[in-house]
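Peer 1: Submitted below is the structure of interest, expressed as structure tokens.
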Amino acid sequence: MYNARTEQRRAWLQASPALIWLGFFFLAPLVLILIYSFQGRADDGTVLWNWSLANYQKLFADGSFWRTLWLSTWIALVVTAITLVVSYPLAFFMATRSPKRRGLLVLAVMIPFWTNFLVRIYAWKVLLGNNGVVNRFLDQFDLGPLQMINNPSAVIMALIYGELPYMILPLYAALERFDWVQLEAARDLGAGRFQTFWRVLFPQTLPGITAGSILVFVPTVGTFAVSDILGGTSVNMVGNSLSLQFGSASNWAYGSAISMIFMLLLLGAILLYFKATREVNDGENPG
Amino acid sequence: MAKILADKRIETKHGRSRPVAKRHMPWGTWALTLNAIFVYTFLYVPIIVLVLFSFNAAKVGAQWQGFTLQWYNELFADARLGDALWTSLKIAGLSTLIATTIGTLAALALEKRGWRGRKAFDTGLYLPVIIPDVVMAVSLLGFFTLAFRQFQALLGLNLAMGLWTVIISHVAFNISFVTVVVGTSLANFDRRLEEAAADLGATPWQTFWKIKFPLIGPGVLGGALLSFTLSLDDFVVTFFTRGPGVNTLTTEVYGRIKKSISPEINAISSLMLLGSTILVLTSLWMQRRRQA
């Protein structure tokens, strides 16, 4: 009944709707902007068909693009690092509670996680805005007003706030699977606290660290809304310049070139990261 | 979920249910607890402030001037918001239906081993997850624009962006998430059940609907729930792929948030928060009931 031949055919049949949909509405658009990135801009703002490397030449000489890219990378790295440092001990705390309390602690992380991201950004505007809660509070003591939004710190704060659950949940999943007897075993065999962590716990939770870091880094580096709402005109990230080129600047060809370089660098970084974490893991657990 | 956690505890050989950490590092326990208090405070203070101020009578500023439901009343009278909510629900519902079907099928295909192209398909499915949504959004804008122009030139067909282009795009980013979630529940499925059913004379169709689907159903539901939430949550892809006049809750609220803070937006936000809380609690409750 389940011979290999029909299995093969059935697998293809089941995969085909996804292949067709993603082929048309994911892959084809990406190929299209690859092609667009080699075209020009007509005076009316449409794409002018004229193959050249001009966009890439312009891009590499464009200091503001590299500043934007650097700012995005820097913000994403800071956000990823802080969420990791805060979430690992939290996930450890959660995983070592009694089962009943764990359920509640996970639930308490899930509620902000499922809340619309606009609400989460807006909450920070209510707190930090020029007319916000903190400034009104300061008013009573004739302090302030402090300018707390429209700067990178506000963007970083809101991003950490929004992305925290994406780091906590994979780390918790990894720690929750961990067999705690191993810690005792390592200690009984004479390992110190640090050694126990570094050689026993850390390698086994590395998949959670990798997953969490990517889940936080990617949306952060490509963010558009957070920097738009809390960064004002002073925080320009890649997402903002992309939307500018495809929006009011109407230079789709140049925007496409930005997308291409951005995507290549991002995919390259993720591959490198995967490779590095795998090597760390292999080094820790030879054989 | 709680049951799985409980089982794991029992497996621990020493049968000690209190955390190992407590015995090993008493100073660490303090630091861990403090860190936890800090994180949960950080997670909840902004939302609580938001909800509180949605009941504040002051029109401008953040001084407390008494309790009111005025902003909620104004909200319910706001037809634009009602329309936007309805549009959001239509987009999320339809795109979830399509993405869950396609994504579940893809997960079933991936479950089968040793077909040609499996590995490439598996890797390719992760791409929509790691490509930033803003890149996906602008590429879809470029794609639809070009495609419509070609349809017009070659076939004389007049197509334009609208609600349906948003739905198509949402399906495109949701398929992968559904496949990943359904895939994890398929990994726990015992394939011998299928073989047993087949040996007993069930057709593949019967085997699927009577044996397999009920068992992987929670996974499919989980995938659908994730897809629905991602769709409701999306701003960037919707913003770039919508036609004129299409306003979802996120695009409508985005415009208002960007301008200023106001008690009405506090009230909308609080209601959205209430909606997502109900969603989480319902899904948890359903999970409990299934396990009971």
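Note that Cβ sites are derived from N, Cα and C of the backbone, with glycine treated the same way.
TrEMBL: automatically predicted annotations, no manual curation.
According to TrEMBL, the record shows the following:
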- A:12-38: transmembrane segment (TRANSMEM)
- A:69-92: transmembrane segment (TRANSMEM)
- A:69-273: domain 'ABC transmembrane type-1' (DOMAIN)
- A:104-123: transmembrane segment (TRANSMEM)
- A:154-175: transmembrane segment (TRANSMEM)
- A:196-218: transmembrane segment (TRANSMEM)
- A:252-274: transmembrane segment (TRANSMEM)
Peer 1: Out of A:69-92, A:104-123, A:154-175, A:252-274, what stretch is closest in contact terms to the transmembrane segment (A:12-38), meaning most Cβ pairs under 8 angstroms?
Peer 2: A:252-274
Peer 1: Return the stretch with the most CB pairs under 8 A relative to the transmembrane segment (A:104-123), choosing among A:69-92, A:154-175, A:252-274.
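Peer 2: So the stretch in question is A:154-175.
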Peer 1: How about the transmembrane segment (A:154-175) and the transmembrane segment (A:252-274): do they have 3 or more C-beta pairs under 8 A, pairs 6 or more apart in sequence?
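Peer 2: Result for the transmembrane segment (A:154-175) with the transmembrane segment (A:252-274) is no.
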